[in-house]
């Protein structure tokens, strides 16, 4: 994604567009809709046509019109440029336009923009951060919010941060954008709400609010059967470009709850024939369910059969075009191939996991999993791993947690891991038939994932929201939260299965002490960082912080110890959560430390001031008792 300076946006690009900005939107409409329809052949042509579309959108706020105009332009190959251009123009405007840009991207993602073009567009922006900063002084922070918002709105996968980091030069401002997005926005408490309200709240609904409202509308409709009331609520949403979500959630509700199918079919038929939901949105909704039917089959074994039944009813009643089946046809072949692929993946995963339990070779397992080339089934692998481990001894359970920590660093996104746990928790009642203590074991796996920083504590709330209230899965999440709330929960949970398959806790502490001693006696900063990295226990780095701070209090050359913590923070080797946990543990033990180090309180206050100034700690640290 080579970024050209003249393509960055703002003033730089305006000078190079010639008379593009003089082209009225009415003329554009005549070009793309009338007999003189122009399909841009080059990126320059596309630029000249797309800038007025964005300008008009910022003036009118009409999402549907913008989607229609962009579709009329065609030129899918240039959609990554549209993402870049929309955001770069919004960055130099008010918060209202920034919010509008995020809303438009969410609308387009489900309709015109695929994930690869979305990622490419953001990558182009990251590569152009230096140029954007010339005209927009706070470009790094603004672009970080756009990246965080895209992840919260689920139009960028969380793993985008890792992939982008690997492609950018270490000293680039694009790396700074990713660090700000991760540390200041995505790691903050209640981060989703913080990011969505950053620009003063949505001009319509946020994506998450819209999804929740749609779900509530459908549930109330199933309870009351009042079609007119449901139609009124759907109209009040004012999101015609997002009606495919209504169709998708209605179909899934019909698959999960057989008794609701007649009402679901009635609602969709009447909303389509009454022109409330367009045929394009209906087709898009069915397509989205078709894409996820394999995942649905994990919780509802007959999901494919039930979906086929709903599909046949829609076509036979005339409110879904029969061409939908033809467009799906490599049809049965493709679907069957997909089902066969899932079956094959499960079998191969089982063999890989069994081999891992025998060999304890994490790198070999990761290589084997990469060779399967099926990242879309990562959640299925997680479910298989933990299910097999739960039915074995503590050794295998510990191995599964250690493996999960490694996978989260190298292969799995947070979304993959959350999805895997949701699948496990949704089938918790069935699992308990074979494994008596499955709920308590699952709670330990969840809690351990949080301690290992595979999941954030906030992710437990997100997982719980996907489960039925008062279900076994929901109660398991509550149990995990209780385990984490207990005093000294970290060490207890780390030891729940008798210590690691790699370093036991005491061994790890000993190694940390030795590497710090070696560094303190004249060791190399880079070598010390490498030693911490080689421990392979990122979830235990709070112990490094704790021991380093205590050593700084005891020794004379505290500057070198603090320099090590600065390096670890700058490199992202020790996360802000682990740094905060380490400081918190020292704070808890200050009274005992004062017995040996009389000025411990005073020194610790100085360290906290330094850490706060340099951004090592979460804002919540100040409120810790």
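Positions of Cβ are set from backbone N, Cα and C atoms, glycine also.
TrEMBL labels come from automatic prediction, so no person has curated them.
Positions annotated as domain 'MI' by TrEMBL: 45-166, 209-330, 344-465, 507-625.
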*Mind pulling out the one from 45-166, 344-465, 507-625 with the most Cβ pairs under 8 angstroms to the domain 'MI' (209-330)?*
45-166
*What does DSSP give as the helix, strand and coil breakdown of the domain 'MI' (344-465)?*
103 helix, 0 strand, 19 coil
*On the DSSP side of things, how many residues of the domain 'MI' (209-330) fall into helix, strand and coil, could you say?*
101 helix, 0 strand, 21 coil
